[in-house]
Each structure stands twice: as C-alpha cells, then as structure tokens.
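According to TrEMBL, the features are:
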ACT_SITE  B:S144  active site, charge relay system
ACT_SITE  B:H186  active site, charge relay system
ACT_SITE  B:E213  active site, charge relay system
2 protein chains.
Amino acid sequence: MQQLELNSLTQKMPPPLKNTVMVIGGAEDKVHGREILHTFFMRSGGTEAKLAIIPCASREPEAIGSRYREIFQDMGAQRIEVLDIRERTEGEDPRWQEYLEQSTGVFMTGGDQLRLCALVADTPLMEKLRMKVREGSIVLAGTSAGAAVMGHHMIAGGGSGESPNRSLVDMATGLGIIPEVIVDQHFQNRNRMARLLSAIASHPNRIGVGIDEDTCAMFEADGIVEIMGKGTVTIIDPGPALYTNEGHIGPNDPLSLYNLRVHILCHGDRFNIATREVIQRS
Amino acid sequence: MQQLELNSLTQKMPPPLKNTVMVIGGAEDKVHGREILHTFFMRSGGTEAKLAIIPCASREPEAIGSRYREIFQDMGAQRIEVLDIRERTEGEDPRWQEYLEQSTGVFMTGGDQLRLCALVADTPLMEKLRMKVREGSIVLAGTSAGAAVMGHHMIAGGGSGESPNRSLVDMATGLGIIPEVIVDQHFQNRNRMARLLSAIASHPNRIGVGIDEDTCAMFEADGIVEIMGKGTVTIIDPGPALYTNEGHIGPNDPLSLYNLRVHILCHGDRFNIATREVIQRS
C-alpha cells in the first residue's frame, strides 16, 4: 500500500507541496534507479522545476555541481543553477537571492559540513532559503554533509569503535532547518551509532536521526517523516524517562543513557515527529 | 502474537539464578587493576577458590589456559585446573565431572564460540556445570567467545557496516546458561549494534546484551544485572510494542524494528532483567 503510494508519487507530477525536506544519508544512487534524486526532482516540479545546487560543502564544488546538474538535466530539468559560493560575502550577492526566490528545489551536496556552514550559515542567502522552506515554497534536499547541517546541533565529526563517550563526537552549530533533530549520515555504513548516542547524551531534548547510505528521511509538512531507499533510518528518542550521567563524568568516561526509545525504519515506514510514534503499517 | 510468545517464554524460563554469572565483553584487563578477573576470583572464594578454566574456544588452549592459570595463581588461588578438552568424548570423563563437582568458579576463555559449543554443548560435563550454576554452588564467568555462548540463541558470527538485515548475523545454539539473552561482545569496539539488532529481529522474545571490551555484565542471583568495567553494556529490549518486518522480507532486505527500549549502561548501573527496568541511581 505504502509502496504503491510511494511509486505513484515518484512517477506522477506531485501535488502542490509544502515544506518537504529530504535528508539523505549520502551515497544516493546516481546511476540506476536514482529513486531519491528523482523524487527530489519530481517534488520540485519535474520539468517545470527551477533548481539550485549548493556544492559549498565540497572542496571540488565545480565537479560535484556539474555532476548533479547533469543528473537533473538528464531527468528533464530545464533550469538549474549551481550556487558555487567560495566566499561568505557571495551569500550577500542579490543575484543568488533572486534566483533562490524563484527556485522550487534546492539541493545541498556532500563534502564537509563545517565548510558548508562556514560559507553559508547566517548569510542573507541562507535566511532566504530558511524562509522559503518555512513558508513551503521550496523543496530542500541535502545529502551527507548537506544532511548533517539540517539540525540546530550538528555532528561535525567523530569516531567509532568505542563506548559512547563525550569525546567521541564533535558538535557544532548547523543550519537549523529542522532544529529538533540531530542528523548523522552514512549511519550504519560507518558504524556511527555510538557517536549519535554520544551527541544525544549532550542534547537530550533533540531526536537522533541516523540515516544510512542511499536512504532518505523525508520530512513532510504534516510532521511525518517517511523513509525511502535502500537502507534504514535509526530514530533515537531520548524520551521523557531519560536518565544520563552526561553532566557528571569526564569527557572520555563511558556514558549511561537509560530509557531510550529506538526505532529502526526502512522504506515506506513513517514516524510522527510531533507525537514521537511510529505509524503502524496497516 | 509476539506478545503471546513473550508470555509463553516467560513461563518457560528457568527459575532465577542463585549465583553470579559474569559475562565479559572480551579483552578484559589482565595486567593492571584486573578488576573483572579479580572480582571473579574473590566471588569464587578467593584463596579458598577451586577454579576450573575451560579454554576450549581457543585454538591455542594450552597457551590461553596457562595465561589465566598464572593470573589466578598470582592472585592467590591454590587450586586451578585447566579443562583442556580436545574431543567431545572427554566431556564424559568422570575425572572432569568430579573436579567440577568440587569447583567454586569456572572461567571460559575467548576463541571461537562455535568451537566451544561443538566440544562441550550437551555433554555430561556441561550438564553438571549448568546444574551447579542453577543451584548456585558455582560462579561462572565467560569472556568473548566464552560470553557469546551464554544465551540459548548465540551469535556465531556476522558483519558490520550495513543496515540491519537478516544475513548480517549468523545464529547458532548456545549453552543456554542465561537463555533469555542474546549476548554480543567486543560490542562498541567492533561496531556490532547492527548485527545484534538483526539477531533480535529474529528472536524478539529475547533481550539483546551487547558488552564492550574490559566490561562485564554480572548476572546476580536476584535477577539484577550489574555493570562493571571500563566500557558500556547496551541492553536492547524489544518490549511489548515491538513491530518487525522480519518475517516478510528477504534475507538481505533492511529490517524494521519499532519501539525498542534501549539502555546504555556503565560501571555501577543496574538492570532488573525480570521487570526489564533500569534501577535508578539514588
């Protein structure tokens, strides 16, 4: 049933959309079915879309920008602009803001999330983007580093192969598009459960969202997150009964976290971020 | 349906333990504080202990047996026997059963859990050990492979770096000392969350217990698990509201698991395995 709905959404022109934010775990299929990228393309208006690609996370913005431009052109997009911003001051360029004003879809590529934030956070361009997401006049997608920046608190880096501990994760401030979540990407692929747990211990009023490669958490206007793609999305909900020793230990000491609610979700699963409940499949 | 299974399992479960079973995540400190090994030594009777070392998981049973013998001798143990069993028929040797009858502590080393089970599962020796654990006349400890065998369902091997899926974990039958748990060891150190989740999806009436290196889950007589050591113990409780797609998908398809209760526990934390609640620290 959900499979059918999803397919029909992918294939037909979408209805007028409000506020879809596609948070992609990196390494999305760019060659074969391209399901996630095609969904972004369709939701942005299909051949009528006016797309902006923000490649600023990458150290090779030209190459990665061209790659995505070709993909969306290949799908039939007529108007695509790569916002190859190399200096913060370019975020004030009225040209980009005018283009963004007209855009129906914005795609943020992978790379380094700190680089992306350093270039665009708190610029007029980003304010414009945030406003358009909020009013529902644009579809925003971000993959890998472009996904990491979605929350207010952002995982900037970290390790794996250790017991959860505060020093296992480096936190920074993200773009705050979906402030209530902390996103981690390439999640099971790079064994990032421990670092996301460590992040949640420090920010227990957020929801951890770990997204596997070629997998997308689609945040919809109605507060529903729907999963699409090949892997899983791990939801870590600290819940009302959380206890953590986080404030009472050293940075390398192992963390306690009691009473987490965890959901492993795959294609077609849906989670209500307001009620923090998974929507049972019928 | 799963609720029914859970209830029937609860009814079939053996009575609570009467003594300590120490389930160690591998790589326990053998040189400095040796906290976990010393605790085993003391609980087994200290200098009055009569210890048996079962090195059968290892392909170098002599070397590993000697290593632990020296450690416990160094602590002051007077009577130590290494049960260096190389053939299943030796499990019937009355000599070993007589020694075990008198023993106060049994330590199972690391190695390969399938090898350990192949040599000792369902032998009279193992029946004797199981009976003595149940009646509370012996302290049992197992590290790494010696920990993996504790449940009825045993993780024999598996992978990491993938979305949870059935083929990510190889299951076998363990020694069933603590039948209600599925143990995984070297847990965060080797990024085994996804494989333990995959195991739990197939056996949702069990509790997943992932133990980090140099960390011990001490199962006590009163149904309390207390954590000791340097790392964390991850409890995965499928809980009464679990939904999983496990029965409806292919072996490589990503798993859904809704409504898991997860606890990350560290030194001094305690979990009640009967009520499935963490005991709040005072």
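Here the Cβ of each residue, glycine as well, is placed from N, Cα and C on the backbone.
In this structure, the C-alpha atom of B:S144 (active site, charge relay system) lies 7 angstrom from that of B:H186 (active site, charge relay system).
Reported as a whole number, the C-alpha separation between B:H186 (active site, charge relay system) and B:E213 (active site, charge relay system) equals 5 Å. Other C-beta atoms found within 10 angstroms of the C-beta of B:S144 (active site, charge relay system) number 23, with every protein chain shown included. Residue density at B:E213 (active site, charge relay system): 23 other Cβ atoms are found within 10 A of its Cβ, drawing on all protein chains shown.
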